[in-house]
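Enquirer: This is the structure I want to talk about, given as structure tokens.
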Amino acid sequence: MFPMVTEFMNYGQQTVRAARYIGQGFTITLSHANRLPVTIQYPYEKLITSERFRGRIHFEFDKCIACEVCVRVCPIDLPVVDWKLETDIRKKRLLNYSIDFGICIFCGNCVEYCPTNCLSMTEEYELSTYDRHELNYNQIALGRLPMSIIDDYTIRTILNLPETKT
């Protein structure tokens, strides 16, 4: 009998419900206003990477037995392993080992399946260059010890930031 009255009440309930939802969203927004910013000034400040971070691959030439397991488990067949069979001792002698980080997807399969643990992931992630051919690392470049971000005093990490008085 009074469809207009019920529609008006329904409209009023919808208005109240919409105002409540807007209020809930606004309170969430205001609760985040008290938090400190997460942004860092990248070249001058760096975050400390986690233990399981997959950065540049470190290679130990003396441990490698040239078994080519890393090549077989790599989804893109990336590591290039050159070896020569020594007939007198019946073992492979590693001549060259290289990885092109311009193609590498940093999946970590080579590190995980290496039987001699000659490969390991480091925390280095700054591999950018102006020439893509510089990203092809041979065994000498891969054997370079990783520089820890924490030990670098020219870079302010989150642990080394000066305390601010609030």
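Keep in mind that glycine also has a Cβ here, set from the backbone N, Cα and C atoms.
When I checked Swiss-Prot for this same protein, it listed these features:
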type	residues	note
BINDING	C64, C67, C70, C114	[4Fe-4S] cluster 1 binding site
BINDING	C74, C104, C107, C110	[4Fe-4S] cluster 2 binding site
DOMAIN	55-84	domain '4Fe-4S ferredoxin-type 1'
DOMAIN	95-124	domain '4Fe-4S ferredoxin-type 2'
Enquirer: According to DSSP, which kind of secondary structure is C110 ([4Fe-4S] cluster 2 binding site) found in, if we only use helix, strand and coil?
Expert: helix
Enquirer: Between the binding-site residues C74, C104, C107, which lies closest to C114 ([4Fe-4S] cluster 1 binding site), Cα to Cα?
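Expert: Of the binding-site residues C74, C104, C107, C74 has its Cα closest to that of C114 ([4Fe-4S] cluster 1 binding site).
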Enquirer: Within 10 angstroms of the C-beta of C110 ([4Fe-4S] cluster 2 binding site), what count of other C-beta atoms is obtained when all protein chains are considered?
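Expert: Here the count is 22.
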Enquirer: Return the average pLDDT for the domain '4Fe-4S ferredoxin-type 2' (95-124) as a whole number.
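Expert: Mean pLDDT across the domain '4Fe-4S ferredoxin-type 2' (95-124) comes out at 94.
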Enquirer: How about long-range neighbours of the domain '4Fe-4S ferredoxin-type 1' (55-84): same chain, 6 or more residues beyond its ends, C-beta under 8 Å?
Expert: 49, 91-101, 103-107, 109-125, 127, 137, 139, 142-146
Enquirer: Express the distance between the Cα positions of C107 ([4Fe-4S] cluster 2 binding site) and C67 ([4Fe-4S] cluster 1 binding site) as a whole number of Å.
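Expert: If we compare the Cα positions of C107 ([4Fe-4S] cluster 2 binding site) and C67 ([4Fe-4S] cluster 1 binding site), the gap is 20 Å.
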Enquirer: So, by DSSP, how many helix, strand and coil residues make up the domain '4Fe-4S ferredoxin-type 1' (55-84)?
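Expert: So the counts come to 5 helix, 8 strand, 17 coil.
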